[in-house]
Structures are given as C-alpha cells and as structure tokens.
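Undergrad: Grabbed the feature section from TrEMBL, which reads as follows:
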| type | residues | note |
| --- | --- | --- |
| BINDING | A:7, A:8, A:9, A:10, A:174, A:175, A:185 | ATP binding site |
| BINDING | A:47, A:74 | substrate binding site |
| DOMAIN | A:270-355 | domain 'ACT' |
C-alpha cells in the first residue's frame, strides 16, 4: 500500500461528465490499496471567465481581491469531484489550499510556497478518506490572506503536497500520453519518452515543451519526488520524471542520450544595433530590460567591428513582453549611445535536449548539418550542458524540428495515436 | 462617527454594473464618517446555477461538499465588490464567513450560528478599511468545515456581525422601499411602515411577508439590534425594525396599532376526516407528520358530531411538503382509524398584524365583517396576541387583502411608486 498524489488539470474536469470520469479513476487507485490525495484545477475555462468578470467590474483589480475571486474556481471543481466520488461509494473530503496547509509568501497572483503543513490531509487519509485539494492556491504566512500561485501553480501544489506527505509518486494527469521526443503534430513519428531526468525535463520545459511547468520540475528535483506524467484519457504508462533516466531501452552507455526536440514560437528577438564597445554598456542594457520586469532568454553579442568600435547585441524575450522591452531600451538610447533597435517577432526557437551532449562534439555537428541540409538558416545559437538551442525563422520551425528529430534517429517505427495538446474538451 | 453594517442581496449585485452601483453607495456611507462592514450574497442566480451543476454531477450530493461548492458564490461577489470599491479610491478587504469569525454548528446546509469572533473584521476597520463579508456561510466549531446557513442566512449573518461588532444599526438593502401595510401589487394604496417592533415583524414574516426572514428578525430581537430595511435603488428611508415602534405618526395610545396585512399562497390544507374522538389520536396524527420533517402552521379541530363520536382535523402546511404529509398520514390510517384524507392546495392565508390587537375585540369583528361584505368565505381562523390569520380560497386572497386593508384605514392618500418584489434584475 502506497500514498499517491494525483493532479488533474482543467481540461480533465471540464464538465460534469469529465468530473465523473475522473472520479472513477481516483476510486480505482484507492481500490488498489493506495492512500490517494488529488489536486484539482478549476474546470475548463472557469479561470478565464472569472478574469473576464473582474475586468468588467474593475480595470485594474487589486491582487488580494483577484486571488479571492479566482480561488472560487478550484473550490467548485474540488467540491464537485468529492460529490462524484461519494456517489461511487467512497468518502472524499475537499480542502482549500489554506485548509491543506499550503503556506505562501504574500505576493498575490504569483505567490511562492514557503511551507506545507498538511495535518488535515494526513488526518483525512488516516480516516480512510480520499483527500481532494484545490490546486493553484494557498494562504499567506504573514497576513493569512488567500493567495494564488500563478502559472504552473496546480502542478506545483501537487508536487509540494507529495513531498510534504512523503508520497511514493506524484501523477500529473494531462491530455497527452506523456513527454514526446517532439511535438507529434509536427513529427508524426515522435516517440513517447518512458523516462527523463529532472535536469533534462527542466531543459525541455525551458525550451518550450509545455507539458510540465519549469517551476513544478524544479520543486520535484529539489525534493527528489518522482513525477509520472500521463493521460487522463488512457491507462497507458506515461513518462517518469525522476532522478536517473531508466528507460526501457538500454542504450550504449558511451552514447549521448537524446531526450527530444522542443520548440517555442512564443519568443521575439530584439537586436540593439551599434552599441559602443565600452565596459558596462551591456550591463546597462540588460539592467534596463530587467527593471521593466522582462525575462531574457538567449543572448548573442557579435565581435565588434574593428573600424567602428561598435557591436550588435541580440537577445530573445517573450513576445508578450516585446513592447515593454522596446520601451525600456528606447528610454536609454541617448545615454548608451546605440544607433537603433530592431524588433522581430517572426522567429522560433528549436532545442535539442539530452544528457552528455557537451562531451560529444559530434552532436552539434550533426544538428547544424541537418539544418543546413534542410535549408534552414540559423540566426542565434545557445548551448548548455544538456541542450543546444537555435533561433530560426518562424516558418522554418516545423522543418527544423523534423530534420533534427530524424538526424538523431528519434523516429519510431510507427505513428503513436496521440494528439499533442488540446484534446478532450 | 458610527459603525454601520450593510447587507446587499443577490439582486443588488446581479451584474458588473450593479456591483459598481453598490460600491458607490458603500463609499458614500464611509465618506459620511462611518466604519462600514458589508455583507453580500452571491450574484443573481449564481447559487441556483451551482445547485444545477451539483445535480449534473451527483443525484444526492453530500452536505459538506455542497456547502463547499455553494460558498464559491459569495466568494465571487465579495471579491468583485471589493475591487469596485478599490477603484473609487477606498480600500476594501473581503473576508469569507470563516475569516470573519462566523462560527456555526456542523449541520451542513442549515447551520446555526453559535459564536461570532470578528477579530479580523475589527482589525480591518481599525486600519481604515471597508470590510466585505460573505453572507450565508460560516465554519463549524468542531470540524472546521465550511458550512452554509440556509434560508435567510445572509440577513442573519448581517445581524449577527452587527451585534458582535456592537454596530449602531444593521441596514438590509433589498429591491423594495421597506415594509408595507400590504403587498402594493395587490393594494396600490399600501403605505410604507416607517417603523415596526421585532414582535410585529416576526408575525409579518411568519404570515408570508417575504421582506425579512423570521430567523434574522429573531436574532435581531435577541440582541436588540435595530434593522433598517431599505431599497438599494433609492436613498429614501425604509422601515426601522426596532424595540419600540416610534412611527412618525403619533397614534392615540389606546387605539390598536395595525402594522399591516400579510398574505401567503405557499401553503396547502390537509383535512383528516372522521377521526375517532379518543384521547391521543391528535397526538398520533401530528407526531407522524412531524416525524416526516413537515412544519405545521394552523390547526383547526371541529367539535365532534354527537351521533358518530368522530371529528375532522384540518391543518395547513407548506405546499412543497404536501406529498410528504399525505404519505405520512396514509401510513397510519389503519392504526388511527380515520375515514379519509382531503388535500387542498388551492388555499391562501391572509393575516392582520398589529400590537394590542387581542385587547380590542372590535378588531376581529371589523376583520370578519369586511370579508363578509367582500363575499369572501373563511375556511380556518387562528389568532395570536398580535395577529389574526384566516385561510380563504386562493382566488379570494387579493380581495381579502384589499378589503381588510381598507377596513382598517391603512390606505394612503396617494399611490407610492414601488413595486413589491422582483425589480432591478
């Protein structure tokens, strides 16, 4: 008998029928002899509808009250799920984030978890009940106000409670069958990855794979909590994210293990043209962008031209923040003395992720060669220990993903019957 | 500077525009120098929609989870209201029933308030904030589970918090201008009653006047908290419900003070025909109905006919419970030995309420005379210290209300511009 934490997203509980289906799945895990804790998100589009409602009342709603409003969403889904489980003859008790002991800081809208004290959850389990917990929410340590955790909050709630309860595993249910070697909508022959390390999953998430949020993987890695990412629409095994990659294949230990190819179309590129080649100019530029609250991803600085002592600095950022970035830089143009700005949101990023990549120089050569053969021009390159990312034209992303996937022999013999993202609603 | 508690019902906050209008009203009270605590119900039809959702998931949802679900309704309205107040330049903080210290027993769906510990509300007021509190909900003392208070719960929350905070008054905002001498839809010349005692208001509420729930008036009476019932759509004075009736008129002290005429079409009548005239038969009959969870209102037993030693017993009950009542009685028919049951849901109850009625025998005579003159047949009569109720045919209710209203000189000189019930949505 084990303790399992399951997390179901909004699309898994989109309507009454979906709630009942999820209830059956939960009861099945209980019947197998497990103690079961379930984290649930708000139903379908509830959160967006509540945001709409807030906009109709107030142009700039305060964080405390917006969190109070939004947390109504999980309150509904968790109560409904507990009812549906009750109809199947098992007792379930729902708990808000606050009741479940999810203690956070006071930053409304994107609070960080600072402690988890799941006494009431432990007690419910001891009483033989299934515990249903609202994802995405907590209570602030200082003011006892209700908070929300922001993006990836429900996944993070699940991992945090799993760690605090010393669960055997944290199952994240989603609408795909697991982590794939590439987006099957682009590469129909992409394979499910049976297992992947925390570090590789972090690089995949940072490179645009939307299946797990960076934050949840970071939390799991810190507490060494195994995550099982799987579909709520099938009983197949999904992908295990854990300490060491123990795939069903036994690869040659000296060969680099490639996890997959990720891509991201949500970024834009800013080039600062003609920056005087003086100490501290780059620092001034990136400080101004950071002060505007913009996260920068890749940075490339060219060698300065000998005749002008000027250089170009390019970086990528979320396209949503493009305007903020350009405004911040325009404000310091005179002070820094650069010549102009170029903004380009027609780019895409393609990344190859896998362990042991750096020690195998052949990996970069194969990657660049495959893109050249496919006629894809590379605009920027960035590498880490276990990742190589390139920025290409947006319209070349699909070609690049397919070319790299094939070049590293990731194609499976048969097409798996999945759709990557956005089913079942 | 005073402390005022205001309560706004669901129709007062039915949509974004209504929420903003209420926010202005609250800010006006704050600007007058008051400390302001606001109790708010769920928006418009939210509670019904949540009940629908529960029905789609579960045929018989558990009480704990149903309360968890329903309390999402006030959570939304209170957060939105706080946002709207923020936009007007005042800081409002919303609190759930639990956060506001509304402590209840554990009877889900109709919990009773057993304590109010409004420490966080007091602190918010001390910080200069407006406190917005979810009506209709609390937290159970034993299990710390979320509870709902059932019918009249939001009004009761308002009065309970007003009492616990030692407020100067509790203002109940509704969609009518106050308590009237009769339903203005039936009697266009009905007058607003400027003030009424707790006891009279209790009788009015028990007699079918829907403006305040019995429970809230009982609570106010126990703590001597003055209630001001008024319209959220005007700034006119409404009706004060308080210890002594201090109307603007100064009536002759020896004359009975008539508060008004109430009516109720929601009851049905059951007649148990041919009950053997033995000790204990009535007790058996009413015990069986009570055990079925049915509240009985009026009871009439005729003198038994000398030749048969049998009698008829009639009583009224909520028409919603009619089936339960008939089933309970049918089950004991053989044991009791009565002849038959007659069920009649085509009846209506009309009540005259006023202080000092019993000591003025002329009141009954005037009332019965006015009905006779109007051609209305009386089926049952019941009286209390400050009320006379009659059961008549349902189609005679309007005629009876008008006739009694006129007979006691309650008609005003002019028609007031109100609609009784159901405006503004």
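Keep in mind that glycine also has a Cβ here, set from the backbone N, Cα and C atoms.
Note that TrEMBL annotation is computational and uncurated.
In terms of burial and nearby residues, how do these features look in this structure?
TA: Long-range Cβ proximity for residue A:8 (ATP binding site), meaning a same-chain Cβ under 8 A and a gap of 6 or more residues, is found for A:22, A:38, A:39, A:40, A:41, A:81, A:173, A:232.
Within its own chain, residue A:74 (substrate binding site) has A:40, A:41, A:42, A:96, A:97, A:134, A:135, A:136, A:137, A:154 as residues 6 or more apart in sequence whose C-beta sits under 8 angstroms from its own.
As a whole-number mean, the pLDDT of the domain 'ACT' (A:270-355) in this prediction is 88.
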Undergrad: Within 10 Å of its Cβ, which one of these binding-site residues (A:47, A:174) has the largest number of other Cβ atoms?
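TA: Ranked by Cβ atoms within 10 Å, first place goes to A:174.
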Undergrad: Please work out the number of neighbouring Cβ atoms within 10 Å of the Cβ of residue A:7 (ATP binding site), leaving out its own Cβ.
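TA: 29, counting other Cβ atoms within 10 Å of residue A:7 (ATP binding site).
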Undergrad: Between the binding-site residues A:9, A:10, whose Cβ has more other Cβ atoms within 10 Å than any of the rest?
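TA: Answer returned by the neighbour count: A:10.
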Undergrad: Fill in the CA-CA distance, residue A:47 (substrate binding site) to residue A:174 (ATP binding site), as an integer in Å.
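TA: Spelling it out, the Cα of residue A:47 (substrate binding site) and the Cα of residue A:174 (ATP binding site) are 17 Å apart.
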Undergrad: Taking the Cβ of residue A:175 (ATP binding site) as the centre, count every other Cβ atom within 10 Å, in any protein chain shown.
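TA: A count of 20.
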Undergrad: Measure from the Cβ of residue A:185 (ATP binding site) and count the other Cβ atoms within 10 Å, all protein chains considered.
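TA: By my count, 15.
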Undergrad: According to DSSP, does residue A:9 (ATP binding site) sit in a helix, a strand, or coil?
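TA: Reduced to three states, the DSSP call for residue A:9 (ATP binding site) is coil.
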